[in-house]
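Copied over from TrEMBL:
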DOMAIN    1-253  domain 'Major facilitator superfamily (MFS) profile'
TRANSMEM  20-42  transmembrane segment
TRANSMEM  67-92  transmembrane segment
TRANSMEM  112-130  transmembrane segment
TRANSMEM  137-158  transmembrane segment
TRANSMEM  164-186  transmembrane segment
TRANSMEM  198-220  transmembrane segment
TRANSMEM  226-247  transmembrane segment
Amino acid sequence: MVSFGQMFYPMLVSYMLLNNIWYGYGLIIPGILFVLITLMLLKSKFPSQLVDASVANELPQMNSKPLVWLEGVSSVLFGVAAFSTFYVIVVWMPKYAMAFAGMSEAEALKTISYYSMGSLVCVFIFAALLKKMVRPIWANVFNSALATITAAIIYLYPSPLVCNAGAFVIGFSAAGGILQLGVSVMSEFFPKSKAKVTSIYMMMGGLANFVIPLITGYLSNIGLQYIIVLDFTFALLALITAIIVFIRYYRVFIIPENDVRFGERKFSTRLNTIKHRG
């Protein structure tokens with residue numbers, strides 16, 4: 001639903017901008033919807049958090065102790081980098097598109113709608129894939145690599161098509177639930193400290209939310225193109241940390257024999273063999 005809001009809100013703003021409609025409606029309408037949804041949540045029932053024993057036996061079993069300084073720190077850095085990747089695009093893509101792709105203000109604002117469409121598409125695709133076909137660590141590596149390549153293309157070849165398509169792909173790869181997947185993987189490594197893990201993970205994201213505007217504000221005075229370079233750097237950091245967590249996952253956990261997800265047996269066997277040789 002966040003993606004729906006991000007997709008349609010820029011359209012609403014563009015419509016009000018083009019038709020000289022009072023901008024206050026852009027705040028009143030979401031406020032009314034927020035109150036209605038809150039009232040609905042107060043009366044909603046949520047499923048039980050207890051895990052069936054038969055289901056627990058089908059989950060990966062811990063084979064060795066996870067390292068806080070390695071996969072713990074890498075997971076936190078992944079969350080910060082992933083958050084920063086899509087934050088930069090949401091805030092600065094319209095201005096970058098106007099400055100380097102020659103787009104009008106109304107057209108540039110639509111890049112945020114494409115971004116939101118991408119995140120929405122990603123949610124549906126990975127909701128299906130993560131059930132039986134791939135594990136979250138695979139999704140994190142794939143999406144981070146995709147975001148890194150896309151940020152580089154946006155910087156090297158700015159045009160209306162590249163900005164629109166790039167915003168869609170960044171939305172798909174960096175905002176389609178990748179933060180939630182990151183904290184989910186981190187919770188697997190440290191199951192007895194889920195609350196602490198989630199708090200640290202989200203707290204660092206909040207810190208990034210404070211620091212990144214200061215950095216991008218400074219870079220905007222030098223050149224908007226350097227903001228996209230910063231976005232590429234964040235995406236690359238997300239990719240590097242995702243790969244570290246990926247490798248450590250298959251060294252720490254034993255994958256059940258009946259797990260037929262993509263690449264599970266191959267990587268689990270290979271990495272554990274390397275571990276025992278070492």
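Placement of Cβ uses the backbone N, Cα and C atoms for every residue, glycine included.
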* So are the transmembrane segment (164-186) and the transmembrane segment (67-92) touching or not, going by 3+ C-beta pairs under 8 A with a sequence gap of 6 or more? -> yes
* **Averaged pLDDT, computed only over the residues in the domain 'Major facilitator superfamily (MFS) profile' (1-253)** => 85
